[in-house]
Every structure is written in structure tokens, then in C-alpha cells.
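Some features that TrEMBL has for this protein:
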DOMAIN    17-150  domain 'Malic enzyme N-terminal'
ACT_SITE  Tyr38  active site, proton donor
ACT_SITE  Lys93  active site, proton acceptor
BINDING   Glu135, Asp136, Asp161  divalent metal cation binding site
DOMAIN    162-398  domain 'Malic enzyme NAD-binding'
BINDING   Asn285, Asn316  (S)-malate binding site
Amino acid sequence: MSDFRQRALDYHAKPTPGKISVELSTPADSVDDLALAYSPGVAEPVREIAEDPDNAYKYTAKGNLVAVISNGTAILGLGNLGPLASKPVMEGKALLFKRFAGIDAIDIEVKHRTTEEFINTVANIADTFGGINLEDIKAPECFEIEQELIKRCKIPVFHDDQHGTAIVTAAGMLNALEIQGKNIENAKIVCLGAGAAAVACMELLIKCGAQRERIYMLDRKGVIHTRREDLTEHKSLFANNTDKRTLEDVMDGADIFVGVSGPDLLPPETLALMADNPIVFACSNPDPEIRPDLAHAVRDDLIMATGRSDYPNQVNNVLCFPFIFRGALNVRASAINDEMKVAAVEALRAITKEEVPAEVLAASNSKSLSFSKDYIIPKPMDPRLCERIASAVSKAAIDSGVAGI
Ligand SMILES: O=C([O-])CC(=O)C(=O)O
Ligand SMILES: [Mg+2]
């Protein structure tokens, strides 16, 4: 067994199995403590909440509690491995919520037959939480699931793989374009993958100025074009009126490659076909569409990002979901809307251009980091992220009328 594989398994097995636990936030030592915490004292907040549901924010953990919910149908770039196998990832998201934003998060893995059954399960437990982070749910069901839950729940529901990934991608992409001296309006964009992250990333890039006609999206069958008859509703939004059919056809002269598909799907010869000063975001996790060392060997003029923390430029939704929820929970927002997403993009972009604190340099084993080809997006352990993104998101929630306090 490789050393890294064993270390990863040991990390999850020891000192106790898993990565999260529950801690008490009040004293529970004396008989008096127990009388307050439980019977008879607990009856008092029960009555208060029965009278006014908003009191749940005052007397329970609800307001700082997020559910990370998956059915395991699209676990990272690994595929449909079922709900239980997704548990380490969902516990991992809970770890990141707590570590980076002080949010208590609990993972919930749902076994279900129909999409409706999944939606009902989540809708029926939603009031327990201050927010719901949907994770690793495959397309196209994820679109209906998110839309329906947004309608049915009074708390923010956010499909991280769509919008978290899109927000970080847009921030990194706009910064990378600035460094490469290109503008998004003229960029020829190739998106390998047509799932949740692909659709959301391209829609957000379009909101930021990209031209829909200049986007070529590919699924397992090749380029999504107007003469295909097998397209789902979401794929057909990206059907391009083109006679190009393969990845090679569309990579010829492309400025941007976004990979949200699977490991090693971008051959180096195909990367070589891109325009001068290209931008390659190979974001499949854990293994990117092309390894950075291979990509750099083919092109010395590129900006390269992956979803991993062991290479420069980690374009991963961890840079978004803890902080956007922090901002939403702080003002008890009823939703996470486009205004809040754009505020997160702008905050991420701005932080990248500022001087990096010494503690971030130490934590990332770097002597220096400044806005450049190898630093287009902040590091996840940057303590400025929480405060800056959360306050920008809270302000956007207030300005757009979805804040509850
Ligand atoms: O977990 C990660 O590293 C990013 C993510 O959401 C995914 O790949 O599905
Ligand atoms: Mg995910």
C-alpha cells in the first residue's frame, strides 16, 4: 500500500473513527444544571418555540447548524458510489465548515428510490437546521432537487457543487484572464463535463461577460451541439451551432479549458492546440483532467489550476461554502441569491490582490505569494476569507432583501 494511502486511512481511523464529534456548549455537571438543561427546565424553551418558531434561533443550536446532505450519486469525480461511501466526504465538509467558519455541521446520507422521496426527506427535516448544503448529487436530478427544496424550505439551500464551484471558478478565472491580458467577452471556452458543476460554472461565467456562443461544452459523447437529440434540458442550454465534434476540434485555438469531469481526460497533445497564454482549470477531484507537471511540460505560457491543495491555485469550493454560509447565517438569510454569490466572487478576487499574511505563507510552505500565475486565488487557510466574504455576503443579503434580522 502506498505511504499516502495508508496515511489517509489512518487519519480517518485514528484517534477515533471519523473526523467530527459533538461537544456540549453548556455546563452539565450538577443536578441543577441537568434540571435546567433537561426536565423540567427544557419545557420553557419548548413552549416559547411552539408560540413563535423564530425562538428556535434563540434557544437551540439551529442558527449555527448546517446539514451537509448527499445521496452519494456523484462523489467528487469518483462517480455514483452510494450514500454510505460518501460519508467521509460529507464529514470532511463538516470539518471544513467548523475549521474555517466556526459553523457546526452534520452530515446526512440519504438512501432513496425516487427524486421526490429525496426531496421529501430533506424538506421534512429542514427546520432542524439554519442552512442546507447539498453535496455530490448527480445531474440532472440535482437541478430539480435544489429548485424544489429552495421553494419548500425557509432556510438557505445551496448545492455546493454547482454554486460553490462556480463562484470560486469565476473568481479565479477573472483573475487569470487579467494576468494573461485577455478579456472574458472574447474568450473561447471549452468545458469538459456537463454535470452540476459544469452547468453552474458556465452560467456564472456568462453572467460575468462570457459569450454563450463561444462556449463549447462536452459530455461523454463529445461536443454538445444543436443537432444532438439526446440532450437534457440543462445540456441543451449549451448546445452550440457548430460542426465541431471532438475535444481536439474545440481545443484548437481555445483560450480557456475548464475540466469538471474525471481524471486524465485532457491529453497533452490536445492542450498543445490551445491559443497563446491559455488558462487550464482541471478541477476533477481528487485527480485532475491533466497533471500540472505534464501540462507545464507542454506549455510554458499557461495558467494552471486544480481542485487539489497540493498544487498552486486550488480552485475548490472550500474557498466558498464555509464563508457564504457564514454570511447567510449571520443575517439569518432566507436564501442564497445571485447578489450574494456575486459578492463572494468579488471578495475572493479582491483578497487575492492584497498582501498575504505571514501565517498563510507559513501554513502553505511558501516564502512569498503575490498576485501572479501561481497565485490567482487565495489559500483556504487564509483567515481573511471568513471575515471578508461573510461580511460581503451578509451585506448583499441585506441589500437584496433576504436578510431575516
Ligand atoms: O470536495 C471537493 O474537493 C470539491 C467537491 O465538492 C467535489 O469535487 O465534489
Ligand atoms: Mg462536491
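A Cβ is built for glycine as well, from the same backbone N, Cα and C atoms used for every other residue.
Automated prediction, rather than curation, is the source of TrEMBL annotations.
Features as recorded by TrEMBL, highlighted on the structure.
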residue : record                             : DSSP (3 states)
Tyr38   : active site, proton donor          : coil
Lys93   : active site, proton acceptor       : helix
Glu135  : divalent metal cation binding site : coil
Asp161  : divalent metal cation binding site : helix
Asn285  : (S)-malate binding site            : coil
Asn316  : (S)-malate binding site            : coil
Recorded positions Lys93, Glu135, Asp136, Asp161, Asn316: those with Cβ under 6 Å from an atom of ligand 2 are Glu135, Asp136, Asp161
Overall pLDDT for the domain 'Malic enzyme NAD-binding' (162-398), taken as the rounded mean
97
Shell of the divalent metal cation site beyond Glu135, Asp136, Asp161, same chain only (C-beta within 8 angstroms of their C-beta centre)
Ser70, Ala74, Ile75, Val89, Leu134, Ile137, His159, Asp160, Ala196
What's the CA-CA gap between the residue listed as 'active site, proton donor' and Asp136 (divalent metal cation binding site) in angstrom, rounded?
37
Please work out the helix, strand and coil residue numbers for the domain 'Malic enzyme N-terminal' (17-150) from the DSSP assignment.
67 helix, 18 strand, 49 coil
Rank the binding-site residues Asn285, Asn316 by the number of other Cβ atoms within 10 Å of each Cβ, and give the residue at the low end.
Asn285
Count the other Cβ atoms sitting within 10 Å of the Cβ of Glu135 (divalent metal cation binding site), across every protein chain shown.
30
Please list, in sequence order, the residues in the chain of the residue listed as 'active site, proton acceptor' that are at least six apart in sequence and whose C-beta is under 8 Å away from its C-beta.
Val68, Ala105, Asp107, Asn133, Glu135, Asp160, Phe321
Across all the protein chains here, work out how many other Cβ atoms are within 10 Å of the Cβ of Asp136 (divalent metal cation binding site).
27
Cα-Cα separation of Asn316 ((S)-malate binding site) and Asp161 (divalent metal cation binding site), in Å?
9
